Amino acid sequence: MKIASFNINGIKARLPALMDWLDEAQPDVAILQEIKSIDENFPREAFEDKGYNVETHGQKSFNGVALLSKLPLEDVTHGLPGDADDEQARYIEATVVGDHAVRICGLYLPNGNPVPGPKYDYKLAWMDRLRTRAEELLADEMPFLMAGDYNIIPQPEDAARPQDWVDDALFRPESREAWRKIVNLGLTEAFRARNQASEHYTFWDFQRGAWQRNDGIRIDHFLLSPECADLLTDCQIDKDVRGREKPSDHVPIWVELAA
DNA sequence: ATGGTGGGGATCCCA
């Protein structure tokens with residue numbers, strides 16, 4: 001089973017590019033972030049025509065996540081537990097049943113800039129809630145993965161110019177510590193498990209010719225539970241998507257599971 | 001130190 005994650009930065013602007021990539025990559029499941037659309041305006045028929053089941057958790061203008069799956073999406077839940085007052089649409093879960101049942105958690109983790117400030121406080125609090133949710137799922141012992149735009153640069157080798165990010169919410173020590181607290185529950189970071197070399201990125205800013213200079217960062221990640229990591233056979237980044245017509249600033253990352 | 005680009009949707013916010 002091929003499961004991909006892609007921050008599309010606006011479904012309306014990205015629909016043609018997203019369709020082309022789906023045709024070519026043929027993921028069984030696609031986890032989308034930043035749909036920037038309310039549920040009612042999401043072009044679900046375009047995906048249903050390709051054989052995908054569609055679940056969205058959207059809001060007006062900002063954020064928004066979605067799941068596309070060729071297999072049925074079961075037990076869908078919207079929103080990250082732990083704060084009833086949180087109105088930002090950044091999290092969705094569903095179970096996909098192939099040879100194994102896998103719980104799919106799609107997330108768009110807050111950016112957090114500027115540091116310090118309320119947006120950074122929200123990011124760290126959100127990561128605390130995500131860790132709590134991971135603990136709950138680990139207790140269930142069903143295979144699960146948490147995938148999406150984490151807005152976290154885990155290590156210096158995950159940025160072309162790490163010195164540019166030392167004061168940024170994506171790379172601050174507190175952010176990386178919160179990331180490690182989640183990973184160290186016993187989750188496997190799929191890309192690092194399958195690829196040792198540096199200079200692999202998933203995001204290049206629209207500004208300053210970042211793509212042309214390969215000034216990228218690796219901030220889109222898959223975290224796998226132990227039972228899910230046992231099924232992992234591959235993890236790759238579709239880098240070339242960034243060089244196409246009307247690209248997102250992110251590119252897809254995907255895992256192959258023996259599930 | 002500044003502003004560079006892009007999406008959404010409203011004349012500014014977010015990244």
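Cβ atoms are placed via backbone N, Cα and C, with glycine included.
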Checklist line | Site co-member for Mg(2+) according to TrEMBL, given A:Asn7, A:Asp149, A:Asn151, A:Asp249, A:His250, out of A:Glu34, A:Glu40, A:Glu45, A:Glu189 | finding: A:Glu34
Next item on the list: Would you mind reading off the Cα separation of A:Asn151 (Mg(2+) binding site) from A:His250 (active site, proton acceptor), to the nearest angstrom?
Entry: 11
Next item on the list: Within 10 Å of each Cβ, count the other Cβ atoms, then let me know which of the recorded positions A:Glu34, A:Asp149, A:Asp220, A:Asp249 comes out lowest.
Entry: A:Asp249
Next item on the list: Starting from the Cβ centroid of A:Asn7, A:Glu34, A:Asp149, A:Asn151, A:Asp249, A:His250, which together make up the recorded Mg(2+) site, report each further residue of the same chain whose Cβ lies within 8 Å of that point, ordered by sequence.
Entry: A:Asn9, A:Gln33, A:Tyr108, A:Phe203, A:Ile219, A:Asp220, A:Ser248
